[in-house]
Amino acid sequence: MREIVHIQIGQCGNQIGAKFWEMIGEEHGIDLAGSDRGASALQLERISVYYNEAYGRKYVPRAVLVDLEPGTMDSIRSSKLGALFQPDSFVHGNSGAGNNWAKGHYTEGAELIENVLEVVRHESESCDCLQGFQIVHSLGGGTGSGMGTLLMNKIREEYPDRIMNSFSVMPSPKVSDTVVEPYNAVLSIHQLIENADACFCIDNEALYDICFRTLKLTTPTYGDLNHLVSLTMSGITTSLRFPGQLNADLRKLAVNMVPFPRLHFFMPGFAPLTAQGSQQYRALSVAELTQQMFDARNTMAACDLRRGRYLTVACIFRGKMSTKEVDQQLLSVQTRNSSCFVEWIPNNVKVAVCDIPPRGLSMAATFIGNNTAIQEIFNRVSEHFSAMFKRKAFVHWYTSEGMDINEFGEAENNIHDLVSEYQQFQDAKAVLEEDEEVTEEAEMEPEDKGH
């Protein structure tokens, strides 16, 4: 079976990761002790993608849990999930990274990295045919961002032909924990551009907006935000975990979603959005799901979708529904909003349908969009970065860990390049909207692309 090794790193990564295992455990009928309590054979058909079967039919997550301080690990160990993971899967330091990317990437993280790679190798060796890795981390702190990207580089060196996916939580000024978040984020994105195959960008600002506007929560906690993220992660990985038709492995997902190697940053979305512990009172129709799924308010990345255009889209519908109706609804979205999809990638919306809905819902849909509007997130972070870097504020914390100041400039330039690449493809053939001669334009396109 095509296995995936899951790595959660840093406080944020570990908290979201724990939620993810709780949620997919419920979907596959695996209880907190790792035993099978499922009602359907489908639940176990592809269980080996994320779980190892140990003695006595106990299922153990293929997970590596990493942090530079013991706190989050201890709380996972003592939580209800504690007995699920293999004790060797926990790797932690004691000093912490102090929200400093350079500590995670060059000093503290570098000291621990060999221990982590040992566990990663051990997990990879127990796979029949490893398809790739997924890393869950945040970009605002020190460990998830600095050590997370270091780990990705090392795994890339050792497993160059395996797919590397990341679920990356982007910092936002509204939900800021530390002043140096823009530094940590830009330095991380600089690495992700080069070393990830697919990056699901989860933006704290968008998660807060969903909690306030849609779920009407007055004081959202990190638990509420993590619940939204785990819904999305469970949705995105559905076609990997259950027998389905489309994007059944990480490589196919990347091939369908990434038209140019650097443009691999996706915005996930989910419908229907429900708060933790709440029940949904009425089932939505396929039309309502489709409409909600494409609605910017349901997207986990805070940017204005009306300004951008979709390069590619993948949708995963879950529950008992007619595939024909799903296809019709998606077609009508594309015809009604044709200007939102680039016309030079025909059939750029892919869809999968899986019979098994998420727990507590009768139907749900997950959305993965590669939209040029994501440049707004990078712009936002890089503006804050530049404002501080002009004055060299806080830079001594990084250089004192042995980091070269030139790396800041390189990272800043790389992100500016990424933003202008998104802009270039957003504008490509924008003439079409005024011009009716669509077919002639399309025939001329290959020559236009040349220069």
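Any Cβ shown, glycine's included, is placed from N, Cα and C.
Confidence for the motif 'MREI motif' (1-4), expressed as mean pLDDT, is 85. For 1-4, the entry in Swiss-Prot reads motif 'MREI motif'.
The Mg(2+) binding site feature in Swiss-Prot is assigned to Glu69; the stated evidence is similarity to another entry. Counting Cβ atoms from all protein chains shown, Glu69 (Mg(2+) binding site) has 19 others lying within 10 Å of its own Cβ. DSSP assigns Glu69 (Mg(2+) binding site) to coil in the three-state reduction, placing it in neither a helix nor a strand.
Annotated phosphoserine per Swiss-Prot: Ser172, in sequence order, evidence recorded as experimental evidence. Counting Cβ atoms from all protein chains shown, Ser172 (phosphoserine) has 21 others lying within 10 Å of its own Cβ. Reduced to three states, the DSSP call for Ser172 (phosphoserine) is coil.
The region 'Disordered' feature in Swiss-Prot is assigned to 432-451.
Taken from Swiss-Prot, the feature compositional bias 'Acidic residues' covers 433-451.
Annotation source Swiss-Prot lists 5-glutamyl polyglutamate at Glu440, citing similarity to another entry.
It is 24 Å from the Cα atom of Ser172 (phosphoserine) to that of Glu69 (Mg(2+) binding site).
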